[in-house]
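Enquirer: Pasting the feature list from Swiss-Prot:
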- Cys35-Cys56: disulfide bond (DISULFID)
- Cys42-Cys66: disulfide bond (DISULFID)
- Cys46-Cys68: disulfide bond (DISULFID)
- 21-72: domain 'LCN-type CS-alpha/beta' (DOMAIN)
- 1-19: signal peptide (SIGNAL)
Amino acid sequence: MNYLVMISFALLLVIGVESVRDGYFVEPDNCVVHCMPSSEMCDRGCKHNGATSGSCKAFSKGGNACWCKGLR
């Protein structure tokens with residue numbers, strides 16, 4: 001049983017664990033990036049920062065803001 005645990009732990013270290021998250025795209029001063037209803041600017045900005053895609057979230061708490069999916 002101990003060998004199974006040790007082998008599983010070793011595999012996790014060798015394979016590595018990569019996590020992604022969703023969230024708002026922010027400027028250096030930690031303010032959200034506001035957008036128009038067009039999502040093209042958000043998609044480009046999010047992809048530039050390592051996300052898989054981005055869109056404009058209209059009428060959110062912070063106003064119209066860029067939402068990124070799969071940020072690294």
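Note that Cβ sites are derived from N, Cα and C of the backbone, with glycine treated the same way.
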Enquirer: When you tally the Cβ atoms that lie within 10 Å of each candidate's Cβ, which of the disulfide-bonded residues (Cys35, Cys42) has the highest tally?
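Expert: Of the disulfide-bonded residues Cys35, Cys42, the highest Cβ count within 10 Å belongs to Cys42.
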Enquirer: State the Cα to Cα distance, in Å, between Cys68 (disulfide bond) and Cys42 (disulfide bond), rounded to an integer.
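Expert: So the alpha carbons of Cys68 (disulfide bond) and Cys42 (disulfide bond) sit roughly 8 Å from each other.
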Enquirer: Go ahead and report the DSSP secondary structure tallies for the domain 'LCN-type CS-alpha/beta' (21-72): helix first, then strand, then coil.
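Expert: Here the numbers are 9 helix, 24 strand, 19 coil.
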Enquirer: Between Cys56 (disulfide bond) and Cys66 (disulfide bond), what is the CA-CA distance rounded to a whole number of Å?
Expert: 5
Enquirer: Check the domain 'LCN-type CS-alpha/beta' (21-72) for me and report the mean pLDDT.
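Expert: Its mean pLDDT is 86.
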